[in-house]
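Step one of this worksheet: look at the structure below.
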Amino acid sequence: MRRLPPVAITAMVFVVGFALCTVQFPNFASSRVAANLLTDNAFLGIVAVGMTFVIISGGIDLSVGSVIGFTTVFVALAIERLGLPPLVAFAAILLLCAAFGAAMGAVIHVFDMPPFIVTLAGMFLARGASFLMSTESTPISAPLYSTVSDFALRLPGGGRLTAIALIMLAVVAAGAVLLHFTRFGANVYALGGSRTTTALMGIPVGSMTVRIYMLSSVLAGLAGIVFSFYTAAGYSLSAVGVELDSIAAVVIGGTLLTGGQGSVVGTLLGVLIQGLIQTYINFDGTLSSWWTKIVTGILLFAFIALQQAMLGIARRAGPRKAGVLKP
Amino acid sequence: MNASSDPRPALLEVRGLSKSFGTLRALQEVDFTLRAGEIHALLGENGAGKSTLIKAVTGVFPRDAGMVRLGGAEVAPRSAKAAVDAGIATVYQEVNLLLNLSVAQNLYLGRQPTRFGLVREAEMRRCAAALLAEFDLHIDVAEPLGNYSVAVQHITAIARAVDQSARVLILDEPTASLDRHEVEILFAVMRKLAQRGIGVIFVTHFLDQVYEICDRITVLRNGRLIGERTTAELPRIELIRMMLGRELAETTSERTAAHARPVGEICARFEDYGKGGYVAPFNLALRRGEVVGLAGLLGSGRTETARLVFGAERADSGSATVEGKPVRLQSPRDAVAHGFGYCPEERKTEGIIADLTVRENIVLALQAKRGLAKPLSRSEQEGIAMRFIRLLDIRPPEPERPIGLLSGGNQQKVLLARWLATAPRLLVLDEPTRGIDVGAHAEIIRLIRDLCDDGLALLVISSELDEIVTYSDRVIVLRDRAHVDELEGDAIDVSNILAAIAVAGSAGAKAGQP
């Protein structure tokens with residue numbers, strides 16, 4: 001398949017990066033490091049899966065970071081102040097997120113507005129609403145939270161595959177199936193290829209747009225719940241800038257920023273590469289953690305340049321593979 | 001195949017179809033009949049109403065009056081999608097498929113075979129391969145469609161349409177970007193579809209292809225039906241007359257004695273100049289003080305020739321010399337540097353910059369030629385603008401008026417002034433009189449003559465044969481993207497040009513020897 005090459009490059013970057021870390025820190029290659037990599041980046045992985053769908057369809061969703069922040073505050077207040085059972089709070093926030101995403105998708109489609117602007121408005125809206133609810137960090141002490149954080153699959157070598165890491169892996173697997181093996185997924189690629197052509201081919205473009213942004217917001221809500229497990233608190237300033245981290249992960253994972261090409265597996269690798277850099281910095285102990293951002297920036301540049309180069313080559317080699325024609 | 005006895009039932013009947021855009025009557029009570037299993041050419045020059053007819057039938061535009069019957073039942077689709085559902089599919093020159101998806105996905109998008117909600121990829125590929133095999137197309141359907149040639153993309157689009165139970169297939173200039181071999185493949189597909197009883201409407205500019213494959217021809221002109229004929233019973237010259245709308249008897253052009261002009265030496269020469277799939281190689285020599293007319297039907301290669309000469313397209317064969325020195329024309333910049341100018345056909349989109357003033361539009365090309373490092377002072381600009389406003393009688397004579405507010409004829413004069421300001425040696429005019437009222441028309445023609453009296457070489461494209469005959473010293477006739485004949489002196493008249501356009505095959509292949 002054509003989506004292999006960029007993903008293959010991402011995978012190589014990850015493997016080479018991991019190998020380099022191992023050379024420098026011999027105990028890097030352990031199941032503990034690997035499991036922590038998954039746990040620490042679980043919320044980013046979940047939200048990046050949704051972002052993958054949005055970007056492949058030719059859109060962008062800048063609201064996801066704010067939706068995560070809103071979700072943590074909402075869940076914390078619902079459990080601690082209102083005394084709702086956690087599962088009820090989760091169901092409520094996911095429904096709210098679905099409505100929020102559907103509204104953004106509908107505005108984008110009906111008013112033919114650029115997704116950038118609409119989701120930028122959504123970003124301010126969600127962040128503002130979370131400040132309105134609470135400006136302080138609210139710790140969550142529900143029993144479910146300690147149960148979840150205690151749960152883990154023991155890996156050989158001492159690693160603990162936590163519940164939130166498992167949730168992330170499940171989301172990645174489900175996302176991959178949805179994107180690559182369903183009509184819905186094919187339509188997502190079609191939208192990224194050309195909106196007008198997709199409409200001409202009889203695909204309901206409007207409802208697809210609504211559903212794609214709904215998916216992204218619901219996954220952002222799920223990421224928010226996972227984030228609240230991770231920090232055991234709700235705080236309106238949490239996950240600031242995560243929308244940009246997830247866009248970076250998607251692009252590093254080989255998805256075309258202009259839409260039409262990409263994969264969920266690539267996105268997971270993109271998330272893990274960012275996590276790898278962070279882990280390296282933690283191991284080193286002397287480097288500023290902001291190096292994560294610098295290296296991510298460099299990688300982004302490299303991948304975007306690579307995509308442009310590959311597009312250029314594809315255009316020059318051109319659509320001239322005549323196929324076997326026997327008139 | 002004698003179709004006049006009409007053994008086949010009417011499949012698509014259009015009766016009294018009218019459509020106006022504002023005051024422009026694009027279609028006036030047009031009738032059109034497509035029979036099952038026939039390939040029917042829909043022909044006409046620019047503005048004849050071919051695409052309006054197609055779009056009104058397929059529901060892209062609402063129609064003002066008239067009705068469409070498909071297989072006896074009236075249909076009135078409101079969108080292209082509704083037309084497809086009703087059984088009328090259209091494949092445009094720009095293929096409406098998704099190049100980033102696989103061939104199989106393109107064939108089955110929105111109707112993939114599924115099991116438990118999952119697409120049965122293997123099953124879908126098998127069906128896709130089988131479907132394309134019906135059209136003798138054997139390709140890897142898992143590859144992205146964009147990896148294949150335009151011909152394969154067209155056949156894929158056709159296969160998708162036919163598989164969605166299309167009964168009428170409209171092909172809008174499908175062969176414009178195909179090479180000879182690919183055209184053969186497409187024709188084989190069209191014949192196969194006709195055998196199955198599907199009605200095919202074929203819109204094209206290539207008359208050879210019409211005679212090769214079509215059973216019947218309908219000609220439109222200026223939004224009206226001119227006639228429907230059986231291909232076998234319609235001689236080429238008659239067809240061209242129907243399209244261009246003139247009788248041989250009425251071709252009394254007033255070629256004046258003004259042609260006794262002394263012809264200067266050659267200022268630009270093109271030898272075996274051409275580009276594969278664009279224009280066949282041609283020889284063209286342009287002399288100072290000479291008007292060379294390019295005549296031919298729409299799509300015959302006139303504009304393409306002009307764009308090659310001006311460097312807007314790069315030639316891939318042959319050589320060009322200017323004043324005896326070999327030159328390379330890689331871009332319009334090169335052409336301007338060698339003293340060429342080009343007034344394009346699409347005045348509004350490619351020529352004028354509507355928001356700029358007359359003065360700014362006039363100095364544009366001169367400033368570009370000088371480079372940004374040497375700006376023209378305001379007073380120099382005003383001097384140049386006023387000189388040309390007087391010389392060409394541009395009205396109103398106000399250099400600071402936005403050009404968008406001028407009439408078409410005056411806009412055209414400003415475009416001429418733009419190039420004349422650069423003191424060119426060769427000026428290419430593509431349809432200089434299109435969309436200009438009658439008075440201004442005569443004036444533009446007078447200007448063209450005056451210009452070459454001043455020693456400028458002119459290459460003029462026009463669909464108005466009378467016009468070409470009036471001002472040309474030589475006429476090059478084009479057909480199917482090749483220079484096929486050249487007329488000089490007394491041989492230049494409308495009937496000779498028509499005859500040259502109509503010659504079938506390559507009988508007139510002396511290809512514009514100077």
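Positions of Cβ are set from backbone N, Cα and C atoms, glycine also.
Annotation comment: TrEMBL describes A:6-25, A:37-56, A:62-80, A:87-110, A:116-134, A:161-181, A:212-235, A:247-277, A:289-306 as transmembrane segment.
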### Summary
Contact set of the transmembrane segment (A:6-25) with the rest of its chain, CB cutoff 8 A exclusive, min separation 6+ beyond the ends, reads 252-255, 261-263, 265-266, 269-270, 272-273, 276-277, 279-280, 283, 299, 303, 306-307, 310
### Summary
Most Cβ pairs under 8 Å to the transmembrane segment (A:212-235), of A:37-56, A:116-134, A:247-277, goes to A:37-56
### Task
Return the stretch with the most CB pairs under 8 A relative to the transmembrane segment (A:62-80), choosing among A:37-56, A:87-110, A:161-181.
A:87-110
### Task
Would you kindly list the residues that approach the transmembrane segment (A:161-181) from elsewhere in its chain, counting only those six or more residues past its ends and only Cβ-Cβ distances under 8 Å?
35, 38-39, 41-43, 45-46, 49-50, 52-53, 56, 148-149, 151-155, 188, 219, 222, 226, 229-230, 263-265, 267-268
### Long-range environment of the transmembrane segment (A:247-277) - Cβ separation under 8 angstroms, sequence gap at least 6
2-3, 5-7, 9-11, 13-14, 17-18, 21, 37-38, 40-41, 44-45, 48-49, 51-52, 55-60, 172, 175-176, 179-180, 189, 191-193, 291-292, 295-296, 299-300, 303-304, 307
### Message
So if I exclude everything within five residues of the ends of the transmembrane segment (A:116-134), which remaining residues of that chain have a CB under 8 angstroms from its CBs? That is, six or more out.
### Response
60-63, 65-67, 69-70, 72-74, 76-77, 100, 104, 107-108, 213, 234, 236, 243
